[in-house]
């Protein structure tokens, strides 16, 4: 096998409770992570050198890039001499709260396992994933998961398919900055995860939409009023409920009426540079060989 293509799917958070800061600097959370059908496309090809190409010039391709981090970790762990050429077709917006970088890292773990014949176990993949970032273990599996710890302890959930509209304003958010501000201002959690889990188990889209909340929204919307403006617009246009994903700034709305969703899409794409009509899916990655 010389070449592998992977679709790396984005995620949203249907809830995000921040429960405290750990000694290692990470935050203890309780969150429901959900894969959606927005995806980056990555192509991996055997080579003597390591080189990453991307269609978006804003993506940094140095040692801090998560794809590069995974390549270096795997080369070191398995004493690999050969390299890889990676072509990244970036479709998930940057610094958006949608785990685009984490999805690309997960795709790299799975692709190189096959391309380099590493025969990694599920645990070995997860171990590498955790070294790279807190969302990467989820992106390896995808679907709908209740995640605890720093986001690496999972419980599978089964969700009714939902139609979504994603809107990202023209701002980029630093996750670290948002968590630091959360700590400084001593915010208290909404504890939204339990009611959303119950609604998912009941298969009740209306209850899910009614209960979605994200603690980090308190911080991000305080600095960027546009978050609340987008939420108001989505609700006015027929969303059953809406929330920010991750540390933001992407906001999503859940719709049960496709006509209203299409109309909202047409209206909002005139105002915002990134508006995406999406749906929930049950996987994090898709491989093409």
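For all residues, glycine too, the Cβ spot is worked out from N, Cα and C.
According to Swiss-Prot, the protein has these features:
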- 11: active site (ACT_SITE)
- 93, 94, 95, 96, 97, 98, 99, 100, 101, 102, 103: ATP binding site (BINDING)
- 135: active site (ACT_SITE)
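Projection of Swiss-Prot feature records onto the structure.
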residue	record	Cβ within 10 Å
11	active site	28
93	ATP binding site	22
95	ATP binding site	19
97	ATP binding site	28
99	ATP binding site	29
101	ATP binding site	27
103	ATP binding site	31
135	active site	28
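Residue 135 (active site) is 11 Å away from residue 97 (ATP binding site) when you measure Cα to Cα. The CA atom of residue 11 (active site) is located 6 Å away from the CA atom of residue 99 (ATP binding site). Under the DSSP three-state reduction, residue 99 (ATP binding site) is assigned to coil, being neither helix nor strand. Between the C-alpha atoms of residue 93 (ATP binding site) and residue 135 (active site), the distance comes to 16 Å. Highlighted in sequence order, 10, 92, 246 have their Cβ within 8 Å of the centre of the Cβ atoms of 93, 94, 95, 96, 97, 98, 99, 100, 101, 102, 103, the residues recorded for ATP, and are not part of that set. The distance from the Cα of residue 101 (ATP binding site) to the Cα of residue 135 (active site) comes to 9 Å. Residue 135 (active site) sits 13 Å from residue 95 (ATP binding site), taking the C-alpha atoms as the reference points.
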